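> Got a structure here, written out as structure tokens. Questions coming.
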Amino acid sequence: MSSTPMAFRAERAHAVYPERLDADESTWDAWARVAAARLWYRLRPLLFRSNRLVAAIDAQAADVARLDDQALQRELARGARTALTEPRAMVRAFAVVREAAQRRLGLRPFGTQLTGAAALFAGRLAEMPTGEGKTLTAALAACVAAAAGVPVHVVTVNDYLAQRDAASMGRLFGFFGLKTGAIVSGMSLEARRAAYACDITYCTNKELVFDYLKDRVAAGGRTSLAQHRLRALCRGRQHAGLLLRGLHFAIVDEADSVLIDEARTPLILAEQGSNRDDPAVFTRALALAAELEAGLHFELSPAQRVLQLTPAGRAVLAERSRGLGATWAVARNREQLVAQALRALHLFHRDQQYLVADGKVHIVDEYTGRVLPGRTWEQGLHQMIETKEGCALSVATRTQARITYQRFFRRYLHLAGMTGTAREVKGEILAVYGLDTVSLPPHKPCRRVFLPTLCCADEAGKWHRVAAQVTAVHAAGRPVLIGTRSVEASERLSAVLDAAGLAHRVLNARQDADEAAIVEQAGQPGAITVATNMAGRGTDIPLGPGVDELGGLHVILTEYHDTPRIDRQLLGRCARQGNRGSVQAVVALDDALFRTHGGALLRLLRRLYPHGQPPHWLLLGLRRQAQGGAERIHRRVRRDTLKQDRTLDASLAFAGNAI
Amino acid sequence: MICAMTPGLLSTHWYRVAGLRPRLRGHVRIHRHVYRGQVWYVVEDRVAGKYYRFNPASYRVICLLDGRRDMDTVWARLTEQLADDTPAQDEVVNLLGQLHTADLIQCDVNPDVAELFERRARQRRRQFMSRYLNPIALRFPLWDPDAFIGRLVRGLGCCGGGRVLFVWLAVVLPALLLVPPYWPDLTENFTEQLLAFDNVLLIAVVFPLVKALHELGHGIAVKARGGDVHEMGIMLLAFFPVPYVDASGASAFVKKADRMLVGAAGMLTELFIAALAFYLWVLLEPGFVRSLTYNVIVLASVTTVAFNANPLLRYDGYYVLLDGIEIPNLGTRSNQYWRHLADRYLFGIRTSEPPPATAGERRWFLGYAPLAFAYRMFVALFIALFVAEQYFFVGVVLALWGLAANLALPLYRGAAALLRDPRYALRAGRVRAVLGAAGAGVLLLLFVLPVPHHTHAEGVVWLPEQAILRAQESGFVEHVLVDPGQTLALGAAVLEAVNPTLAADIAVQAAKVEEVHVRRDAAWGVNPARASQLGEELRREQAALERLQDDARRLTLCAGAHGVLLLERAPDLPGRFLRKGDVVGYVVGEYLPLARVVVPQAEADQVRLATRAVDIKLPQDLGTTWPARLIRQVPKAARDLPSPVLGQGGGGEIIVDPRDQRLTRTLESLFEFELELPRTAAAGYIGSHVHVRFEHPAEPIGQRLWRSLRRLFMSRFHV
């Protein structure tokens, strides 16, 4: 298993550079493959067979330690290519890289990291507990692959991490004469091209996908490199340089959030359009929408985030828009406009789904709590929200290319991923990406303490309880990290804490410039930090002096998320690498998750326990039901999106530009 | 222009096609059709021989695809004047996709060759599935008959349609007129003639030939009206090879009469053949050729009218009906409409749009789908059962196949769509509720809800021999001694009869005795040896005389049991001649009338073990029901009826062996039960047959179905 090295067995697409053919698998094939893999997961011993690999590498350790630097470099340069196919050579290569890591970085990769690196090298998803040193794990695998001549993309979740990891691991790569590049937003095309030309490129998923889309547009869709050059030649100009060299090998950090949570949001490469929309149309649509009644004129399902006009609503609309001009005379037009206006009013809320800053509407990623710069909603929704918030209308853009993560990452010839939380979605990851998940044990036993969940009747009660908990822990001198689900919630909590006289810092999409600094400080004695759920993800929270003895960082979860994975990610902020730490959830029965997915059980609990705090097992049941329901809907939407994309591609195959 | 840029009409995928300059392929022809006052455009792919129907909105787009304009320009043209039927960009993109899938357009870019191959494979697979999924109609294309039929049409000089019609009428009408006088000859022993073994062989030979001419009729009609016929082959209809012709070339015909003519051409041809065969049949002497013509008549008239003309199956009648009522695709659209109804009212999807149709069309939709479904199921199962009688395994496979294709697959697809289709996501709760309720309802109906349950049988009203008054000796009734209804003691005389022959015989015999007596007396003492010889003779003659006198005594009929006398037609009796053994009447009292009921083996168990009550009805008085009591069962299965009345020969329902003279030998094993009848009911009806209803405890239908299924398998297939 661990000894299966990298092999490019994928069928290559007809494209301008190497990438995998994104072939449609028949339903039965996919079903059989997933069923077989499920069986395999059952049969495979719980503990990944790490010991044998680690033992083999250890056996080489003494031998490798005797080599001098030049010999180490020669050893890798000679053996790396064989390591792609030969298990023994791979063991040797990892032993060499481990020795180099110790010499250059002062870090000696421990067993879990070596096993993880081997798993990545073999194209699997390594599930490692939070704080197990994923950066180094990725670097080991990247180093061997790059030494073998395979261009490697290490995909991180934000620019900061990309830069930091490229800088820190660059020393290891540099030791073997491998060049390291990092892509951050705002770089010029030239700089990007140079970075992608490096052996190992650290980048964020978003930048990577947009660069890929730019290449596709430049190449004019489905053309071979030869065709591309010939065309440029015939048109009498230099062929537009491509940014990437191909999709060879990607190591995706926080793979579950990239491959699953964000999988279906399309990334759209757009150019500025020429037409400016008439603001009056949107104003009118909002005005008309405001007059319609939920349930009577339109149906709203917050759980599925779906909104539809009813026949009654259409009739009312037809009547009220009589004489308003050509735009409103066509039924389809006015209904679409008003439906979007209704969505803007009822499904998109300020400081939850978006922020308003500098007179512009910024989309907030619901999973990471970060602003997604440069992204806009489609089909006039963005303009509608701008109108609703009184911002100037942005210019309508013209789509040039679009792709979703789930389609993009399937195109890698060799894909690997790392995450702390993949258990719940390993079936789906396997079905969609063909990625086998291996779970690695922590190398030090976990000392995280789980305190019983507190449940309140409503939100106000919840903030009160949170403040009380914070006061208690703070009094002991321990640092506290409080995770909230939305920007709005973080600010509300901040106000409550202010009122209680607790000094704290807030980390959310509004102020993520000094994110790293805030996170650095969050582990100091007595620090109180309020953060939207995944802010600071990927960075360690270093504990201040004496904090560990006091009990480590205390994390408070103030609202369950749509999936338990994200809860676990937040809880994983404390008690890393053998440190102490404690976690507690403080939730309310009127949390959004419970409201939308709680169903009959929630109504029952509300009646039986009007003041909150139902018995633990009932609360657990409610949580399971709500998160299960939410996850089911998300999974379904992801599957439908992929299917729709495929259907569309198949029917538009004649257009010859499948992007 | 601003209005055209509003979101409702725009598509996020438009950029994929914006720069394309598609155009219709050169071999594509467009025909304008009118159905029920609505204009449609039928696009004919002359190379593939396929036809696609588009509405005017799509046609507007198709018109603009000339290979010079790019799609942005096309879009600008479309939105110059916005109207409710202006297609949205998504619809235009879809349309382009459809046109591409149908190979109707080409673009100015390199096509994706891999996709072309993949699509071809997919099409083949679909074709394969449609060909082999239906077990009772497997198709194998063999030949392109276009040139041949073309020559045929030219040879026939078919262009003058009037002449053909005249010839057809001239042949068929007189035949029709001649049918009534020959009707008895034609219909005499119809089933026996048709199903006799050697005749079945003959049919097997004649049927494909007749059908080949039928199909040729379609082909000629298409060709004569200017279409093409490019596929002919063999279809296995319930494993029986039948030729077929692909007459889809008619779809392009603008006049509906032409399309209908093509649909009906096969049947018309067959009727023509039937008429010709009829003339031969009339002229010929009985013999092989005549029975051949008889078969042709039956096949070419009855089967074609019964099967082909039936619009519930997708044969000729269906297409003729479609063209006649101008509803293309009735079957599919009818299903769609029902699906919409289910969405709208069952699953509460208020946004569900009905498929575009006029009110008249909707009425057709409402009726067609359920009827066709029921009929299709019926035919599939019927054929399966029919085959199963001969080949059990094949029959069962066919039945399962038919069930899978007609019921399980649509059900599975429906359920999968309900669970997967995003349309139902919003109503997941209601969908689950409806599915659950439907499932529970079916289960409840099948396995919980008890339904009254009866077994019907026939019996005969019966008395033991002692209680039956039979004439002991033939003779004329002289007078009846007792009135009917009187109570008799055992051995009481009932009537007296005279038999003059018997009386004369007695007189002759007495004289004979006298003669022998005298002769013996004469010989006595003279010739002792002779005398003893005559003594022997005298004893013999006396014995004969006594026998005759006994017979004469039996002319007085006595009761064999005590009880009330029942006489049949008592006033008519005096003077009537009774043959020895004739039933004269009954004596009811010591012995009560019984009903002897026979029950087929399959139902005997149920009658024996689970009978709660028994009702009888007499055929003479069907309005009244009498209660009865089950008193005895004969513990063995037999193949003999207690009375010929129960067999088909005697007016009953049980099939008896026709070779049996007494008409009591049955073909299947029967169990006999005896019922005690109420005295009042049975009096007077002894020997008559009686309808019996055994009432069983109420029982859910599912259990009964399961039992009869098991019984069917056990009895029919001996497994």
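Note that the numbers count up from 1, one per residue, in the order the chain is shown.
In case you wondered, yes, glycine gets a Cβ from its N, Cα and C as well.
The following feature annotations were taken from TrEMBL:
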- A:Gln113, A:Gly131, A:Glu132, A:Gly133, A:Lys134, A:Thr135, A:Asp540: ATP binding site (BINDING)
- A:32-617: domain 'SecA family profile' (DOMAIN)
- A:115-269: domain 'Helicase ATP-binding' (DOMAIN)
- A:465-621: domain 'Helicase C-terminal' (DOMAIN)
> Tell me, if you would, which residue among A:Gln113, A:Thr135 (binding-site residues) has the fewest other CB atoms within 10 Å in the structure shown?
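Comparing Cβ neighbour counts within 10 Å for the binding-site residues A:Gln113, A:Thr135 gives A:Thr135.
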> Enumerate the residues of the same chain, A:Gln113, A:Gly131, A:Glu132, A:Gly133, A:Lys134, A:Thr135, A:Asp540 excluded, that satisfy the criterion Cβ within 8 A of the mean position of the Cβ atoms of the recorded ATP site; list them in sequence order.
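What remains near the Cβ centre is A:Met128, A:Leu136, A:Thr137, A:Gln577.
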> Applying a 10 Å Cβ distance cut-off over all chains shown, what neighbour count does A:Lys134 (ATP binding site) have?
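Counting Cβ neighbours of A:Lys134 (ATP binding site) within 10 Å gives 24.
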> Tell me, how many other CB atoms lie within 10 A of the CB of A:Glu132 (ATP binding site), whichever protein chain they belong to?
22
> Near the Cβ of A:Gly133 (ATP binding site), how many other Cβ atoms are there if near means within 10 Å?
19
> My understanding is the cutoff is Cβ-Cβ under 8 Å with a sequence separation of 6 or more in the same chain; which residues meet that for A:Gly131 (ATP binding site)?
A:Asp540, A:Gly572, A:Ala575, A:Arg576, A:Gln577
> Return the maximum Cα to Cα distance in Å (whole number) over the record's ATP-binding residues: A:Gln113, A:Gly131, A:Glu132, A:Gly133, A:Lys134, A:Thr135, A:Asp540.
17
> Once the chains shown are all counted, how many other Cβ atoms turn up within 10 Å of the Cβ of A:Asp540 (ATP binding site)?
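Cβ-Cβ neighbours of A:Asp540 (ATP binding site) within 10 Å number 17.
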> Using DSSP and collapsing to three states, where does A:Thr135 (ATP binding site) fall: helix, strand or coil?
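Helix, per DSSP.
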> Mean pLDDT, the domain 'Helicase ATP-binding' (A:115-269)?
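Reported value for the domain 'Helicase ATP-binding' (A:115-269) is a mean pLDDT of 87.
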